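*Asks:* Okay, so TrEMBL annotates it like this:
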- 76-311: domain 'Sulfotransferase' (DOMAIN)
- LYS84, GLY85, GLY86, THR87, ARG88, ARG165, SER173, LYS291, GLY292, ARG293, ASN294, HIS295: 3'-phosphoadenylyl sulfate binding site (BINDING)
- LYS84: active site, for sulfotransferase activity (ACT_SITE)
- CYS274-CYS286: disulfide bond (DISULFID)
Amino acid sequence: MEDNHGYTFNTCLVSSITKALPKWRRHPVVTNDNSIMHYRTSVRVVPLLEGNESDISPKYKFFREQGLHPMRQLPSALIIGVKKGGTRALLEFIRIHPDVRAAGSEVHFFDKNYLRGFQWYRQHMPPTLEGQLTIEKTPSYFITKEAPKRVQLMNPSTKLLVVVRDPVTRAISDYTQAISKKSDMKSFDQLVFVNSSVGSIVDTSWGPIKLGIYSRYLARWLKYFPLSQFLFISGERLVVDPAIELKRVQDFLGLKRVVSERHFYFNTTKGFPCLFKSEGHSTPHCLGKTKGRNHPYIDTIVIQRLRDFYRPFNNRFYQMTGINFGWA
């Protein structure tokens with residue numbers, strides 16, 4: 001089912017997970033005839049910190065006392081996209097690994113702050129010890145035209161992580177976030193079509209729609225990096241069973257498999273996986289309140305029109321990555 005080139009699996013819409021997963025022992029909804037990955041996860045509390053540490057800082061204090069000085073390094077791995085695909089979840093999940101250190105906020109270096117220089121970028125990275133990996137996440141890198149070349153100039157061996165999600169669901173999630181900040185926006189149905197008419201063509205100039213044409217942006221990156229330096233992560237699978245995706249991530253980054261199903265529990269209210277403990281938190285916690293928002297109702301005709309629109313682009317993306325994500 002899974003190899004170095006990719007995997008085939010079926011997905012279920014994130015919007016249905018809240019209703020359909022009272023416990024984390026479910027099978028995905030079968031949407032086509034592809035092979036089915038069965039998700040079985042056991043959950044229990046395990047300590048993430050050694051001894052009686054209350055946070056990460058005492059460990060670094062000890063290292064300094066031993067003459068070891070953490071230093072800021074440019075990232076050797078980047079989470080480059082995609083927006084509303086699950087990049088924040090991936091960052092929070094992987095940074096609990098003791099050999100990973102990550103910038104807490106999106107630095108936007110390769111899109112908005114590149115002229116500030118690499119020294120400026122380095123200062124925004126966390127201190128690391130020898131053997132630790134530095135990661136930074138900014139989803140807009142994936143769609144920024146200049147980003148691939150700029151990243152290559154920093155380090156042609158940079159490992160690139162891309163979290164992708166059914167582009168229809170991703171567009172609705174993008175719109176949901178936007179309308180939460182601007183309540184007087186037009187409805188999704190009006191914005192998705194030219195002339196605000198369901199009978200007209202899909203408006204590919206509208207950001208939430210345009211971003212979902214993943215193959216277009218990946219083609220730019222493949223001019224500068226080989227496919228072997230990319231890891232494509234399913235946003236749906238990251239929600240249903242993060243442990244499976246985190247195993248792939250740790251292998252890709254050359255890390256020991258430390259993060260596992262034992263670190264997660266499923267919050268049925270949010271419809272999202274949460275952590276028992278994480279960097280900076282010694283108690284169970286979920287991602288922020290902006291994650292797991294309820295999507296507005298979208299007419300089924302609009303959904304079908306979008307699925308028809310994205311189908312050829314999705315198939316092209318499957319061919320480019322060697323992965324069938326099973327989007328309807």
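Cβ atoms are placed via backbone N, Cα and C, with glycine included.
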*Asks:* Report the member of SER173, ASN294 (the binding-site residues) whose C-beta atom has the most other C-beta atoms within 10 angstroms.
*Replies:* SER173
*Asks:* Over the domain 'Sulfotransferase' (76-311), what is the model's average pLDDT?
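*Replies:* Per the prediction, mean pLDDT sits at 91 for the domain 'Sulfotransferase' (76-311).
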*Asks:* Measuring Cα to Cα, how many Å separate LYS84 (3'-phosphoadenylyl sulfate binding site) from CYS274 (disulfide bond)?
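*Replies:* Given the Cα positions, LYS84 (3'-phosphoadenylyl sulfate binding site) is 17 Å from CYS274 (disulfide bond).
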*Asks:* Would you kindly give the Cα-Cα distance separating GLY86 (3'-phosphoadenylyl sulfate binding site) and CYS274 (disulfide bond), rounded to the nearest Å?
*Replies:* 13
*Asks:* Hey, how far is ARG88 (3'-phosphoadenylyl sulfate binding site) from CYS286 (disulfide bond), Cα to Cα, in Å?
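*Replies:* Taking the Cα atoms only, ARG88 (3'-phosphoadenylyl sulfate binding site) lies 11 Å from CYS286 (disulfide bond).
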*Asks:* Looking at the binding-site residues listed here (GLY86, SER173, ASN294), whose Cα lies nearest to that of CYS286 (disulfide bond)?
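*Replies:* Result: the closest of the binding-site residues to CYS286 (disulfide bond) is GLY86.
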